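The annotation domain 'Tr-type G' is assigned in TrEMBL to 60-241. If you look up TrEMBL, you'll see 69-76, 134-138, 188-191 marked as GTP binding site.
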Amino acid sequence: MWTLVSRGWGCARTLARWATGAALGPAPTFGAAPESWPTYRVYSSAEFKEKLDMSRFPVENIRNFSIVAHVDHGKSTLADRLLELTGTIDKTKNNKQVLDKLQVERERGITVKAQTASLFHNCEGKQYLLNLIDTPGHVDFSYEVSRSLSACQGVLLVVDANEGIQAQTVANFFLAFEAQLSVIPVINKIDLKNADPERVENQIEKVFDIPSDECIKISAKLGTNIESVLQAVIERIPPPKVHRKNPLRALVFDSTFDQYRGVIANVALFDGVVSKGDKIVSAHTQKTYEVNEVGVLNPNEQPTHKLYAGQVGYLIAGMKNVTEAQIGDTLYLHKQPVEPLPGFKSAKPMVFAGMYPVDQSEYNNLKSAIEKLTLNDSSVTVHRDSSLALGAGWRLGFLGLLHMEVFNQRLEQEYNASVILTTPTVPYKAVLSSSKLIKEYREKEITIINPAQFPDKSKVTEYLEPVVLGTIITPDEYTGKIMMLCEARRAVQKNMIFIDQNRVMLKYLFPLNEIVVDFYDSLKSLSSGYASFDYEDAGYQTAELVKMDILLNGNTVEELVTVVHKDKAHSIGKAICERLKDSLPRQLFEIAIQAAIGSKIIARETVKAYRKNVLAKCYGGDITRKMKLLKRQAEGKKKLRKIGNVEVPKDAFIKVLKTQSSK
């Protein structure tokens with residue numbers, strides 16, 4: 001409620017009349033005490049809308065489903081059409097990627113964050129509540145997909161009628177299959193000139209064992225046959241199995257941070273009811289909160305009186321600290337404890353990179369920005385780190401290279417933070433050899449995420465590197481080139497299946513560090529953009545790994561230490577030395593840039609010294625005079641080289657540490 005107070009009664013009166021549209025009584029007499037002034041309630045726009053009554057949706061009229069697909073197969077476009085068809089948004093030409101709210105999503109044309117929307121749909125005289133979750137398609141964001149599926153009972157598996165089944169289509173199908181969800185195959189883009197829905201139907205039947213007559217053919221762009229998708233959702237996806245009379249059990253499957261309202265938690269209710277004013281407890285932190293607001297996303301926030309079991313919505317409970325809203329947490333009513341829900345497997349980082357502020361005075365601002373962004377993206381792991389050259393910072397774990405780029409871009413766009421990112425590395429393991437070392441580290445097998453901490457060979461019995469099972473789907477004319485690329489990356493072939501007359505599915509076991517930087521780009525260029533790639537974690541395998549130091553005039557540069565396979569050490573060392581030679585400023589003395597494994601130098605580049613022409617004053621004369629001057633200059637440079645320090649400037653670090661696809 002707002003109380004209108006003004007120096008002039010007329011101003012407050014006019015505002016009240018404009019806001020409420022009501023005729024007001026006479027003004028108070030001149031000189032009357034303020035306590036006697038009447039107050040008028042003015043509703044905000046959110047309150048003025050009548051709050052939705054969610055009790056009118058019984059459990060049997062609720063359907064919770066996700067849209068999953070490979071990158072660019074039309075998930076977000078289909079979501080736009082479903083929102084239009086159910087009247088959730090108005091039909092306009094501007095409805096493109098309505099659920100993609102981040103700037104980075106609109107710029108890149110990809111979905112990064114899973115987004116929820118509640119649709120209200122009338123079918124055969126019944127009012128249905130359809131909770132839709134639009135998910136990302138890239139392999140780096142598969143954690144978003146698996147989290148979204150926990151709040152669903154079915155999925156729409158979208159396949160491009162032109163491209164057919166791709167690697168991420170297969171991965172997403174098995175995520176849904178393992179979660180025992182109903183799968184509705186949807187063949188999109190049937191309006192394209194080269195579309196071949198019959199071929200795609202046969203692929204779906206062969207790979208997923210789903211009868212071809214269950215496929216729905218649509219064009220999300222033109223809105224063709226979208227009604228049958230809604231009909232299939234109602235008929236084929238079961239309602240959630242929940243109990244509204246049981247005590248509250250709500251799963252937090254996503255969350256965002258609002259600087260004014262604190263944490264906004266996206267919840268799926270498995271039991272009970274929650275309403276504004278309820279006291280709830282977090283099973284993870286055991287802290288108690290009072291619910292300030294509950295509602296549904298339609299697709300913008302719309303407050304409701306209550307949320308009931310089986311429904312998906314949002315909840316604001318005054319959580320001000322970003323660490324309080326753990327994704328996978330269970331919320332329950334105060335003094336009514338319940339058994340927590342299983343939650344999620346924590347995301348396993350595949351790529352690590354150092355992140356440092358460009359200016360150390362920005363450290364606290366960057367720390368706050370990273371905390372808020374990791375609340376919204378819980379798959380990022382954060383460890384404190386420091387460097388002599390770059391100062392205090394963090395070592396962050398990501399699910400892949402695109403994930404790292406998107407996180408960096410969001411930091412810049414949403415929090416105006418500029419950072420230095422080091423070369424991405426993968427987590428290695430080392431099996432310790434002596435009981436003394438095991439006692440010191442408190443475990444036999446240690447994980448190394450920072451190459452500078454890589455233990456010496458004398459301390460370990462073996463090194464282990466992470467491996468992934470990669471799936472490549474490609475037209476068969478590129479098979480030979482792709483096999484050569486995989487072999488060059490130390491991959492081992494596991495399987496090869498023809499999914500139709502001209503498409504092949506290859507399965508390879510890859511060392512993760514071989515594919516993490518530029519494998520995807522190489523694959524796309526070899527196959528003219530037709531091949532698709534997806535991978536899943538496959539544990540660790542023994543490997544001949546070595547720690548490669550970079551030396552400047554005999555001094556190790558800690559920030560440039562890398563862990564490489566023994567067979568590739570020379571080529572990688574040479575590339576780093578060449579890059580450093582181009583980046584380092586010249587000095588008055590010679591700088592030797594060396595790549596070393598232990599005491600063995602495997603690559604070298606030299607930055608020549610600035611040289612004064614000491615013979616300029618000699619016009620003829622004996623050669624011994626010239627030799628004497630050159631000898632004195634050489635001795636001076638030798639002395640300078642001993643006492644002079646080579647400091648690598650920050651911009652040179654940035655050039656060397658940035659991934660260069662040409663190398």
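Glycine is treated like the rest: Cβ placed from N, Cα and C.
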Around His138 (GTP binding site), how many other C-beta atoms are within 10 angstroms of its C-beta?
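Summing over all protein chains shown, His138 (GTP binding site) has 22 other Cβ atoms within 10 Å.
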Same chain only, sequence gap of 6 or more: which residues have a CB within under 8 Å of the CB of Ile190 (GTP binding site)?
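Counting only residues 6 or more apart in sequence, the Cβ neighbours of Ile190 (GTP binding site) under 8 Å are Ala161, Pro197, Lys217, Ile218, Ser219, Thr224.
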Tally every other Cβ atom lying within 10 Å of the Cβ atom of Lys75 (GTP binding site).
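Excluding its own Cβ, the number within 10 Å is 27.
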Taking the domain 'Tr-type G' (60-241) alone, what is its mean pLDDT?
82
Could you tell me which of these binding-site residues, Asp72, Thr135, has the greatest number of Cβ atoms within 10 Å of its own Cβ?
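Comparing the binding-site residues Asp72, Thr135, the most crowded Cβ belongs to Thr135.
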Please list, in sequence order, the residues in the chain of Ala69 (GTP binding site) that are at least six apart in sequence and whose C-beta is under 8 Å away from its C-beta.
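Set apart from Ala69 (GTP binding site) by at least 6 residues yet with Cβ under 8 Å, we have Lys75, Gly137, Leu157, Val158, Val159, Asp160, Gln168, Thr169, Asn172, Asn188.
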